[in-house]
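Student: If you scroll down you'll find the structure; I have some questions about it.
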């Protein structure tokens, strides 16, 4: 049948034109050298660098393409297409001819200008179809020519890869094939039949017109097509995405080869650029085919699809920017390109539905121009050095990834606007009579349809045309400039500049009240308050790009640093001690503004959270007021502290989870996706402020799992659909959470690229990778460890310390009556010290001088380690270690002239020799020192020695080799120059304690090392703080925290909650728990005291609020570090909300179940009295939140309502 169709088509004139176009398109795509063009340009055939190619050559092609596109589009129509197609071929000949026979940088730049003309003239090829072929064959010819182009690209990529892989041709010789193909394409273009008519300048081939009339009529027609094409918001929306996505794809395609070259550091490693391009071509074809057969209503799910694809494209670009494996880079490019071809086909189809056929070239030409304009701006900003940042390829692709994620977020917002607009229109339409049924023509069948057309786009395909449309067209001239296509009428014009504003007065008033209390005298006191000492110091280091270490994620500190940067803070102020005065140069209000803002946003958030749980508006207001008038929340919101941000993200995330629950039965819709993204991002943000945000994440997961559990009993949802929804939701959430978390740390590590005071916590390699740090002063130190090397050995993982010895011995007897060897002590010392020096020695050599050629130590070599100051060798034997008796003692051998021979031989085991090689390198090589006689590895045990060991850390030998604590690396390194011991000692004492050479760590290496150190540091918190407290003391607030006290009065900041609120919260917990037990027992006996809605609401209170309290409180009983009252604030927030919800439940039961109106009114009266008490207590203790009142001793003592409250009172 297909052969018969081809025979039938061959007899028609249009088919001849189609064959000629297909042949030309196939020939012009035979460019096997293109996938390898970057390797050719920076290879042996030219004397130019990769920076010159990226910054001086490639951008010229972008600029010329943009500059020539408009001109070529107009000339194409004037000259009637064929001349421009010939110019396209000639431009290709010039480009590849210059590639073959020129070598200078200037010639390459001129060549790129011609390449811009080559790309711009392709518009003539694609619009030739619409001028030469009848409209009824548009779809056929377009599909045939597109298939020919794809076949050419596929064949070209495979051909180039085969010729390179089989070494038939080199990178330069591939250009001969491309040159020949350009010649053949140009010759073939001469046989294309000329065009008598064009769309704009030559519409009538019969009536001759002067050029002026033609020009005027052409521009009028263009203007008409332009107005009609962009009259619909739907077209504008898709066109913007089309342009931005095309911009991203062109930019990625141009600079992908430099990224691959940066990943492949070994020039001898084979590359597979050609086959990758071929695979992308096939997947692009399949994606375009899939877009045509998918039965999806893009008008309602378009934004969701664009959002998902854009974010996924951004995600793979972020991976490509960080990967060190070329295979991952290839996969990322293929996935990115396949998603582009899929979505760009959908976008093109949606645009084409709504515009007239004659305006296709104009509309898509303008979209292309916009894409090139954005690409030019992006090139100027990211690639070039004279106007932009001249980013390396990895950084460029990180920027491209972030831009695609931002594009996805933008279309989330657009989708939300469209969704809200459609809901508004639906409500309006539901109040008016249903429009009469109308008749449509669909594939020749007459059917009736009555529906409301949404304003966000068309709902009919381009093959569905209403009878009214057909009748309206009969009277119109075919050449009329105002003629519109069928789909255009189905895309109703939208007044998208119209804005409707609705104000939630309750939320607004709550927010204003919160702002008033949180922002009041925000710059008072003008002294460092409590942990402002730490967070302020971190912010100042952000301002100076100086690396710092903190055991918590950096998001909260980044937000404060952003405000400081905007306010012009230079970071020069030293946050030295609590109570120090801030100078006027510190924008204190800006620094404290961010926590105060989040503390203010928390109040309306909890109001909406209570509403979302089905509670009344008055209860929601009551709960919000309890938050508003709590002194602890007020105090934490007024200073440079993280808790207000943590609380806001936690509460907003749970609010979004509850909103997501409402759409569980309508998955894959825009609201479902928006709330899923919002919940994931918000909860992840909380986790990125403090790791305590993990408890909120777990609470959100528990709520979602509970919702899925309920859906299991819903027979209307199949098991497969439910499983698919679960997997989809889990994958989307996990992907977003991981991306957000990694991006925040990427920003953190990118900004903090200079050395700082916390460097010593990190490994030597990390320190040496920081700008201006250790590596800058290690230029003269050797890299290879050899016989005679003087080294310091650092414990690589975990606690920072160096192998150390001193002129002291182990005690003869330990307290547990065990004996020791009484040899010289070996410890791990946490500070740089001259006693950290050791000399590496071959056992068979007696001298210690490094001779030329150097005798480098390799993996598997046996060495001795001689202590630099005492000249005693590192030794081990079958004697129990002092603190860890399951391990062997390690010592420096002292010959007591008894029957205990030295056992001082150690085998060098380099565990990362795949990266560093078999030779022992400074800093880079990670080694285990294995005792030859006992096969035990030198180990840092982590145990601290008593007084006789100067409280340094124990070092022992352990037969369990594969553990992190047996790994060491050389940090300081120098070669021994003198064999005289006194001279060596003088050299060691004067030696700099620094590593050897600059190192370059990838983001992922820094990321994982930083997290390992954060995990270790989290177990080493401040111990025995005078204001620390235990979780048992928190519910009744038995202890507060002194944050600051004035030096000249008793004015002070003291973390104290509102006693009324805290005690009511504890009461609410007790009431709810007892009522829950009571109801469950009653229901077990089939006594259903509550109706179904009330029972479900009561259970929801428990699932969210009671469970939230448990999640945020119980874990602290198992935390082995110093805790403070502010750790209880997330749990306190949930118990406060639980009290308000329980209060409403009691009132509801009394008024409905028991019909006890009097008791119910009494409950309301009690609630009013409680609110008065809350405000009164807030006013009394606000002096401890603001610190702006000079208190006398009696004033302070009068507020000491519990003996355990430790307020500070000056004794004058």
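Heads up, the Cβ atoms here are built off N, Cα and C, so glycines get one too.
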Student: Per TrEMBL, which of 1039-1059, 1060-1080 is transmembrane segment?
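Tutor: When 1039-1059, 1060-1080 are checked in TrEMBL, transmembrane segment belongs to 1060-1080.
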Student: TrEMBL lists transmembrane segment for one of the ranges 304-321, 430-447, 448-465, 466-483; which is that range?
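Tutor: Comparing 304-321, 430-447, 448-465, 466-483 with TrEMBL, transmembrane segment matches 304-321.
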Student: Give the range, chosen from 231-251, 504-524, 525-545, that TrEMBL lists as transmembrane segment.
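Tutor: From TrEMBL, the annotated transmembrane segment range turns out to be 231-251.
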Student: When TrEMBL marks a stretch as transmembrane segment, which of 29-50, 205-226, 271-292 is it?
Tutor: 271-292
Student: Can you tell me which of 176-195, 231-251, 590-611, 640-658, 693-709 gets the most C-beta pairs within less than 8 Å of the transmembrane segment (618-634)?
Tutor: 590-611
Student: Top stretch among 113-131, 176-195, 327-348, 670-687, 1100-1119 for CB pairs under 8 A with the transmembrane segment (693-709)?
Tutor: 1100-1119
Student: With helix taken as DSSP H, G or I, strand as E or B and everything else coil, how many residues of the domain 'MIR' (854-911) land in each class?
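Tutor: The domain 'MIR' (854-911) comes out at 0 helix, 26 strand, 32 coil.
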Student: Between the transmembrane segment (360-385) and the transmembrane segment (113-131), do 3 or more CB pairs sit under 8 angstroms, pairs being 6 or more residues apart?
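Tutor: The transmembrane segment (360-385) and the transmembrane segment (113-131): touching, yes.
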Student: Grab the same-chain neighbours of the transmembrane segment (1100-1119) for me: Cβ-Cβ under 8 Å, and only residues 6 or more beyond its ends, written as numbers and ranges.
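Tutor: Counting only partners 6 or more residues beyond its ends, the transmembrane segment (1100-1119) has Cβ contacts under 8 Å with 613-614, 654, 658, 692, 695-696, 698-699, 702-703, 706, 1031, 1034, 1069, 1072-1073, 1076, 1127-1128, 1130-1131, 1134-1135, 1137-1138, 1141-1142, 1145.
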Student: Under a criterion of three or more Cβ pairs within a distance under 8 Å and sequence separation of at least 6, are the transmembrane segment (640-658) and the transmembrane segment (360-385) in contact?
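Tutor: Contact between the transmembrane segment (360-385) and the transmembrane segment (640-658): absent, because fewer than 3 Cβ pairs are under 8 Å.
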Student: What are the helix, strand and coil residue counts for the domain 'MIR' (917-973) according to DSSP?
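Tutor: Within the domain 'MIR' (917-973) the tally stands at 6 helix, 27 strand, 24 coil.
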Student: Below 8 angstroms Cβ to Cβ, which residues of this chain, lying six or more residues outside the transmembrane segment (83-101), approach it?
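Tutor: That would be 24, 28, 33, 40, 72, 75-76, 107-108, 110-111, 114-115, 117-118, 121-125, 128, 172, 175-176, 178-179, 182-183, 185-190, 192.
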Student: Tell me, roughly as an integer, the mean pLDDT over the domain 'MIR' (917-973).
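Tutor: Averaged over the domain 'MIR' (917-973), per-residue pLDDT gives 90.
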Student: Counting only residues 6 or more past its boundaries, what in the same chain has a CB within less than 8 Å of a CB in the transmembrane segment (360-385)?
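Tutor: Distant Cβ neighbours of the transmembrane segment (360-385) are 54-55, 58-59, 62-63, 65-66, 69-70, 73, 123, 126-127, 130, 199, 222, 225-226, 229-230, 235, 239-240, 242-244, 246-247, 250-251, 255, 348, 351-352, 391, 395-396, 399, 403.
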Student: For the transmembrane segment (670-687), give me same-chain residues lying six or more residues beyond its boundaries with a C-beta closer than 8 angstroms to one of its C-beta atoms, as numbers and ranges.
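Tutor: Residues packing against the transmembrane segment (670-687) from afar: 300-301, 303-304, 307-308, 412, 415-416, 418-419, 553, 555, 645-646, 649-650, 652-654, 656-657, 659-660, 663-664, 693-694, 696-697, 700, 729, 732-733, 736-737, 740-741.
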Student: Under DSSP, the domain 'MIR' (782-843) has how many residues in helix, strand and coil?
Tutor: 3 helix, 30 strand, 29 coil
